[in-house]
Each structure stands twice: as C-alpha cells, then as structure tokens.
Amino acid sequence: MSSKPEQKETHQANGAVLPIVPVDCVTSPNRGQLVEPSNFLGPNGDGVEVVVLESRANAKGVREEDALLENGSQSNESDDTSTDRGPEPASPLKETSFSIGLQVLFPFLLAGFGTVAAGMVLDIVQHWDVFKYVTEVFILVPALLGLKGNLEMTLASRLSTAANIGQMDTPKELWKMITGNMALIQVQATVVGFLASIAAVIFGWIPDGHFSIDHAVLLCASSVATAFIASLVLGMIMIGVIIGSRKMGINPDNVATPIAASLGDLITLALLSGISWGLYKELESKAYVNPLVCAFFIALLPIWIIIAKRNAATREVLYSGWEPVIIAMAISSVGGLILDRTVSDPNFAGMAVFTPVINGVGGNLVAVQASRISTYLHMSGMPGESSETAPRKCPSPCSTFFSSDVNSRSARVLFLLVVPGHLVFLYTISSMQGGHTTLTLIFIVFYMTAALLQVLILLYIADWMVHWMWGRDLDPDNFSIPYLTALGDLIGTGLLALSFHVLWLIGDRDSDVGD
C-alpha cells in the first residue's frame, strides 16, 4: 500500500482543476465541497506533491470523478449543474405509449411484409426440381427460418441492451462488441445448420426408410452455407440498425428485433433456395462440390471460436448459450411437423401461405417485449442480483397487461398492433392471390382469434420467463428470445391449423382455403 494518498482531480465550471484526496484523508464535514489548500499539508507541515491526472469519461459520458462525488455525497443542485458531463443515453423507461407505438409501428409493418414475401417465395420455389426430388429440403425450412429467433434476434436484443446501458458509446467498446458477437453467431449458425441437416435426414428417412448419401451431403452443405451467410449478412445489418437508431435518438429495442425478423425469413429462404438449387445442379457432374462446401464452413469454426473466447461479453454465451438454441430448434421442428401434416391434406393446402405471417408477427412482437424487459432489468443490476424490478415468480395476467409500469404499457401497445397489422397483411396476400385464397368474414374472425390468442399467450410467457431467468442468474437476452420465438412458431401453427379444421367442420368452404 502506498504511503502517499491517492490524488484525483475535479472539474469546475470555469475550467479550473483542483486536487482532491480520498474521503478518509479529508476532515472537511462536507465531502462535496473542496477543501482548502492547507488541508493538503503533511503531518510535518510539508507540502504534499499533487499529481494531476487527465480525466476521462466513462462509457455513459459521465466523468468518473464526478460520478464518485455524486454517489458519495449529498451535493446541492448547483454542484450538479456545474459538473462537466457528456450526453446521457436516452432511457427507454421514460417512453409513453404513443412513442412506443410510433417507434414499433414501422419496423412491425416491415417485418410483416417480410414474412409475406417469404411466403410468396416459398410458394414459387416449391416447384423447383430440388424441392421435388430432395423433399427433405422442406424440413430445413422451419429450422433455418427459426435462426432469426435463435441467433439474429438474440444478437439484436443483446446489442440493444448494451447500447442502452452505455457499453457501445466509445469506438473501442463498439468494435469489441461487434467482433465478439459476429464471431459468436457464426459459431452458433454453423453448428445449428449442421444439426438441422441431421434432423432433416432423420425425419426424411423415418417415413419410408429411404436414405441417400448424396442427398444427405447436399442437405448438410445447403444448411450450413445458408445459416452461415444469412447470419453474416443479418448480423451486419443489425449492427448498422442499432448504431443508427442510437444516433437518431430511437430506442434500439423497438426497432432492431422486428427488422431482424423482417429480413431474416426472406433472406434465409432465398439463400436456402438458391444454394440448394445450385448444389443440386452440380450433384451429378461434380459430386465433390457438396462435401467441399460443407467441410469449408466447418473448418472455419476454430477461428470464430478463438475470436469469441477473447471477448468477455460473448465468452459465457459461447459456453452456456447452446441449450436454448438447440431446444428452440426442436420446438420449431414440432411446429413444422404440424404444418407438414396439415398442408399435406388438400383441404388445408391454403394454410401454408398464412403460417409464416402469423408465426412471424407473434415472434416479432414478443421479441420486442422480451428485449425491453431485459433492458429494464439490466439497468438495475446484473442477472441473479436481488432487484426491486424483478419481483414475482409467476405474474398474474392483470399485472402483465393492466398495471401502470412501463413493461405493462408496452405489452398493451404491442397487443393492440395485432389486428390492424394482420388486416394489412391479409389484404396484401389476397391482392397477390397468395395460396389462391378468398377471404371471408368468418375466416378473418377465426384467423384474428388465433393471432390474438397467440400474442396474448406469448406476452404473458415473456413476462414470466424473462424475470424467471433473471432470478436464476441467466441473461434473458441470450436465453429468452429463442424459446419465445420457437413457442410462437408452435402456438401459431397449432392455432392456425385448429382454425382451419374448425372452418372445414362448420362448412365454410366458400373461403376456398384448400384451393
């Protein structure tokens, strides 16, 4: 321990720099008030050397010395106003219902149109040879589209929280967050893509017992390449969106996850279709291309692992973030099984075009809510710490939707967006003659009932799950969104299939849902 007391500096409004000493060395009764120079004399009356250090701003733009003085003293208002502070980041907790709805509306509509476009693309590419003769590619669709919930939307939530709590305000911190998180999602995308191809091979083999090694390698190469490229493109887009929203004074929680969802379905499905089609064409003449593609992306894994391990923010996710990703993929596969069994019946073939929309909208809205709750909790401490903002273990529906706190307000706003949003998307599908579906009043009523019930369940589960994970020392940004979006796929597909069955039973054949 040094014999000399540690010396610091404080800034006054006139720019003068005066030294201060630690609290235990100052006998002045008011620690917020600068002591006289005589108080800096040593015990023998000799002067103590004062070293003036350059003051640096912390991540939130507040001087470190000023923050210490503010936390350690009861300084008056004049002292606070005279402190040299940088700009404080906008707090998402001061938003009104109108501002939340205004910020969410455009990304929400953009995300919805993205799911509509993905449905139309799937309606076109299903007639390609690769989808006809390698039917297991259809099994890859829900698993790879689910990557937007497992990886990209989790990345968006993680970066939004980091931006809101001031961990991306300096260029050094920004670059560190970007490199670590981009490397992390490449590791996750490669592994999940490989596991999804194995699941597709198994599910394709079980019904008829037929197995083709060429088709298995094609599925592996297509899945891994699609997951890798889609995650790379969407990750860079997410970083740009979050940085831009911060500069524009918009809460990234409100816009990042819906934009990730809007582009995720369309980009992933387009990449899967194009890559699988190209590899299928090379299957007969150049059979070595498929295993080379698969081996190339898997060989890059050690590089991304090393980069992700060097970042403390992503190191923990690299080791512990696999459970939600893999379980979410399994949950989405169950939803895909329901979809496959339903659309295989000619009476319900028209359901396919609506499934990406209802699942996408539900997943987008609950991801926004989960990201906002997670940010709210992070502003009060770290996961696992006792906090007044992480109260009950199992909230009541009234506290989730009708209380006065900011998270309940955002839940109401997001729930109210369901009906007008789906009406716009249904009209778009109808005008484009997607699925050859004619909309009737009773069909719209059943569809809206399924959509509202889906979002209602998801928002309630999000309120419980995020707080529960927080209390168990799990970061909700990394763990909650994969589960919630996968549950959105399962609940949405199940309710939509049930609606189509009920419509058929009551005889609403005029809607032509099966054409």
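From the backbone N, Cα and C atoms, a Cβ is placed for every residue, glycine too.
According to TrEMBL, the features are:
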type: COMPBIAS; residues: 1-11; note: compositional bias 'Basic and acidic residues'
type: DOMAIN; residues: 141-275; note: domain 'SLC41A/MgtE integral membrane'
type: DOMAIN; residues: 355-498; note: domain 'SLC41A/MgtE integral membrane'
type: REGION; residues: 1-20; note: region 'Disordered'
type: REGION; residues: 63-94; note: region 'Disordered'
type: TRANSMEM; residues: 104-124; note: transmembrane segment
type: TRANSMEM; residues: 182-204; note: transmembrane segment
type: TRANSMEM; residues: 216-243; note: transmembrane segment
type: TRANSMEM; residues: 255-275; note: transmembrane segment
type: TRANSMEM; residues: 287-307; note: transmembrane segment
type: TRANSMEM; residues: 319-339; note: transmembrane segment
type: TRANSMEM; residues: 411-429; note: transmembrane segment
type: TRANSMEM; residues: 441-461; note: transmembrane segment
type: TRANSMEM; residues: 481-506; note: transmembrane segment
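Helix first, then strand, then coil: DSSP counts for the domain 'SLC41A/MgtE integral membrane' (141-275) stand at 120 helix, 0 strand, 15 coil. Same-chain neighbours of the transmembrane segment (319-339): 139, 141-143, 145-146, 149-151, 184, 188, 191-192, 195-196, 199, 203, 351-352, 355, 359, 478-480, 482-483, 485-487, 489-490, 492-494, 497, counting only residues six or more beyond its ends whose CB sits under 8 Å from a CB of the stretch. Listed as Cβ neighbours of the transmembrane segment (287-307) (distance under 8 Å, sequence separation of 6 or more from its ends, same chain) are residues 179-180, 183-184, 186-187, 190-191, 193-194, 214, 217-218, 220-221, 224-225, 228, 279, 318. When Cβ-Cβ distances below 8 Å are used as the criterion, the transmembrane segment (182-204) is approached by residues 135-137, 139-140, 143-144, 147, 150-152, 155, 210-211, 215-216, 219-220, 222-228, 230-232, 235-236, 239, 297-298, 300-301, 303-305, 307-308, 311, 314, 317-318, 321-322, 325-326, 329, 333 of the same chain, each at least six residues removed from its ends.
A Cβ distance under 8 Å defines the sequence-distant neighbours of the transmembrane segment (104-124), meaning residues of its chain 6+ beyond its ends; these are 141, 145, 254-255, 258-259, 261-266, 269-270, 273, 352-357, 359-361, 364-365, 368, 413-414, 417, 421-422, 424-425, 428-429, 432, 434-435. Applying DSSP to the domain 'SLC41A/MgtE integral membrane' (355-498) sorts its residues as follows: 111 helix, 0 strand, 33 coil.
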